[in-house]
């Protein structure tokens with residue numbers, strides 16, 4: 001039926017299935033005689049086994065979704081993977097999605113492929129309207145495609161950074177709709193930024209006939225992010241949404257899913273990909289989904305939500321102990337932020353030092369964001385980079401509850417964070433007291449003492 005099985009398969013069944021697909025490829029025929037330049041020859045047996053002898057990749061030179069006559073098994077694997085992934089996207093909340101395909105590039109380059117496809121539809125357009133999110137790959141995806149990002153600064157509402165809808169519409173009118181390639185919005189993001197107001201953006205895009213591409217990097221695991229996409233498509237316009245394989249399905253980095261509501265447009269994007277492509281990302285996600293089944297994936301989504309609530313409550317308790325606070329970001333369903341005002345007041349370097357302390361204690365993924373950092377990306381200068389705003393009120397630390405996280409991860413993180421905060425505060429007090437002594441003494445001999 002081309003759908004993900006409800007109950008996961010055991011490993012031996014999956015391997016048998018993959019071997020059956022592999023023997024349909026010409027390079028594995030017993031009497032095969034290859035005289036072309038690309039015959040699926042592999043020098044290393046280890047490499048052949050690693051790929052289950054599926055060597056030909058996916059697609060043809062003119063279309064990544066096309067069937068290869070000499071690689072029936074790999075072609076079938078590609079079509080099955082896209083079908084199973086489409087089923088999972090519907091299960092995750094975007095019920096009216098019509099088409100999708102796995103592309104062997106991470107999210108940034110997959111967004112670039114979408115923009116390059118739109119270039120042929122809107123030859124006069126040179127601008128992309130982009131509500132600001134301080135993440136380099138989504139910004140560089142627009143530059144790499146040859147377009148000029150128009151950065152829309154976010155609005156601070158309480159602790160949250162939200163989409164400035166008025167600024168977006170004002171910019172559309174100022175630039176002229178025909179000169180705008182698309183609106184490039186974001187769902188999953190680091191707190192205190194929250195997902196864009198997709199419904200309002202989708203309505204603007206529909207009203208002004210402007211395409212809308214959504215960066216849904218790790219949003220498949222969030223029912224809230226998927227609901228926003230579904231609602232945006234219902235009330236307005238969303239042309240494509242792009243999500244990472246590794247962040248949503250726990251497979252190695254290197255693949256993404258491009259999905260949308262207009263089947264012909266998604267096919268256009270797949271035809272824009274030049275040449276054949278690696279089958280590895282498709283193989284990885286198919287194996288994973290066959291082993292999990294829909295019941296296994298649903299369970300992972302449920303556990304992630306539970307861990308988000310647990311992380312939120314426990315991080316709030318720890319923040320209170322250290323006279324900090326958990327920032328109030330109810331619209332962000334994956335990422336949390338805790339203020340670091342006390343560290344920032346004691347010592348400018350203490351905030352970044354906390355990040356180093358956590359990393360050396362094997363805490364990965366936690367982001368420490370100081371105030372006022374400036375960074376230039378492709379000749380664009382961002383003030384307050386990483387905080388999604390020019391002057392966010394305080395320094396803070398990020399932590400996320402992503403798919404696959406366990407209670408042990410949360411408990412160990414909080415324990416190590418507590419120790420690091422205590423250590424940082426002690427260092428800050430020492431430095432402060434030394435400075436006070438130095439400032440109160442004017443006699444050289446006293447200072448030397």
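Cβ atoms are placed via backbone N, Cα and C, with glycine included.
According to TrEMBL, the pyridoxal 5'-phosphate binding site annotation covers 38. The Cβ of residue 38 (pyridoxal 5'-phosphate binding site) has 12 other Cβ atoms within 10 Å, all protein chains considered.
The Cβ of residue 276 (substrate binding site) lies under 8 Å from the Cβ of 56, 57, 58, 59, 60, 61, 64, 68, each on the same chain and at least six residues away in sequence. Under the heading substrate binding site, TrEMBL lists 60, 61, 68, 276.
Under the heading tRNA binding site, TrEMBL lists 234, 361, 426. Counted within 10 Å of its Cβ, the other Cβ atoms near residue 361 (tRNA binding site) come to 14, all protein chains included.
Sequence annotations record features per position, and here TrEMBL assigns region 'Disordered' to 424-449.
Residues annotated as compositional bias 'Basic and acidic residues' in TrEMBL: 424-434.
Taking the binding-site residues 60, 234 in turn and counting surrounding C-beta atoms within 10 angstroms, the largest count is reached at 60. All protein chains shown were included, and the count of other CB atoms within 10 Å of the CB of residue 61 (substrate binding site) stands at 10. Pairwise Cα distances among 60, 61, 68, 276, which the record gives as the binders of substrate, peak at 10 Å.
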